[in-house]
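Take a look at the structure below.
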Amino acid sequence: MSSCAGLNCVSTSATMQCPKCKDLNISSFFCGQDCFRKSWSSHKTVHTQNQPSKPSQTTNDPHLLKLAAALQQSGTTGIGKGEPIEQGAYDPNPNHPYTGTLRPHYPLSPRSAVPQSVALPDYAKDGTLNLLKATYGLAKGLASVKRLSEVEIDTMRRVCRLGRYVLNQTGNQIKPGVSTDQLDKYVHSLCMANNAYPSPLNYHGFPKSVCTSVNEVICHGIPDKRRLKQGDIINLDISLFKNGFHTDLNATFAVGEIDGESQRLIDTTRRALDNAIAICKPGTPYRNIGGEIQPTCDEQGFSVVKTYTGHGVGREFHQAPTILHHSNLRSKGEMKVGQIFTIEPMVNASKSYHVEHWNDNWTAVTRDGVRSAQFEEAILITEGGCEVLTADDDYSPPADHISIPHVKADEGVVTISDI
């Protein structure tokens, strides 16, 4: 139990965490939804306090560009020497203690436009989530785990198939020389062509339509001007909103030929996810998921990130239950028919599961600079087991009680030209 962070509240039994504080790793709890709502106007200031100021993303000052590039190439930034910044770009925080060689390449391109014909989630316009929706799962816990109707499940199937289509099409564009900003624009164009909203766009202010996490970036990488290089690995995290429902899935890809250790990391992460999917069926405790994932990674000398979790998905982008990927005894509850949630382990190529963040307050990186991989699927619990809603068409279920959808994303899925 923690003391309540609410205005003039003396409660010492606060268990509901502010969702934005959770994203920023700020310890901030409230005794209840009413207290949180009443305190919001003053509480939200903690999200920006003590955060480093961000330079303009659109500056084209040649002196700034030249200085940033010189600092970068001289090795005076971060813990070690970073890779060179590409011409026409700059590192907005050249003195940041980076843990690896990757650097941001600013300025970011302008936010992609969304036509009025595309239905928006509640946060799309101002980046603010409906507080009642955002905190419901945290406040009510397992009581808020939703079980969908057959009609809702059928809609989710189609939205999830569209998500898989977007992931596969974008994955086909990955090659040396393509920038993550180009991948973002491709994802956005695919979503618009199919009348879907890219869920990350303006979620808590996230500036892009997809998360692109390269090498030591664990998750939430912001697409920018950096071009992919031979030997990189990159995670594409695709989420979209259509017909009132969100889908969420991701995969890690090799950029050209990669080293054996990186391939072993990717293979282990995928195997850990499949081992967890194999136990999904009615009555299985949620905590057993981490019990499958962590041993799979431990035996390879890798570690499972504890900071980020899987989650329910459907009407809301993130909702109950919370799925822990490491071995634990804290997760309560068990799987029930009609529930949909993601399993999305993040695995680091060392024994260190610790996370650091860049100054953009989004990009999560490994503390020791090693590479990290991730895979994610959305799972529906069925009477006989589970259905992997986001599975690829050639997915081989790891157990007999597991199925994949046999529906199309939608009538007439629209394709777009390659990058």
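Glycine is no exception: its Cβ is also placed from the backbone N, Cα and C atoms.
As given in TrEMBL:
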BINDING   H220, H318  protein binding site
BINDING   D237, D248, E376  Zn(2+) 3 binding site
BINDING   D248, H311, E344, E376  Zn(2+) 4 binding site
DOMAIN    1-54  domain 'C6H2-type'
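Mapped onto this structure are the features recorded in TrEMBL.
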residue: H220; record: protein binding site; Cβ contacts under 8 Å, 6 or more apart: F206, C211, S213, D237, W362, T363, A364
residue: D248; record: Zn(2+) 3 binding site; Cβ contacts under 8 Å, 6 or more apart: G163, S199, D237, I238, S239, V313, F317, T342, E344, E376, A378, T390
residue: H311; record: Zn(2+) 4 binding site; Cβ contacts under 8 Å, 6 or more apart: H318, Q319, A320, P321, T322, I323, F341, T342
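Shown in sequence order, L249, N250, G310, V313, T342, I343, E377, A378 are the same-chain residues outside D248, H311, E344, E376 whose Cβ sits within 8 Å of the Cβ centre of the Zn(2+) 4 site. Following the DSSP three-state reduction, the secondary structure of H318 (protein binding site) is coil. Per-residue pLDDT, averaged along the domain 'C6H2-type' (1-54), amounts to 63 for this model. Residues D237, D248, E376 make up the record's Zn(2+) 3 site, and a Cβ search at 8 Å around their centroid adds C211, I238, S239, L249, N250, T342, E344 from the same chain.
Around the Cβ of E344 (Zn(2+) 4 binding site), 25 further Cβ atoms fall within 10 Å across all displayed protein chains.
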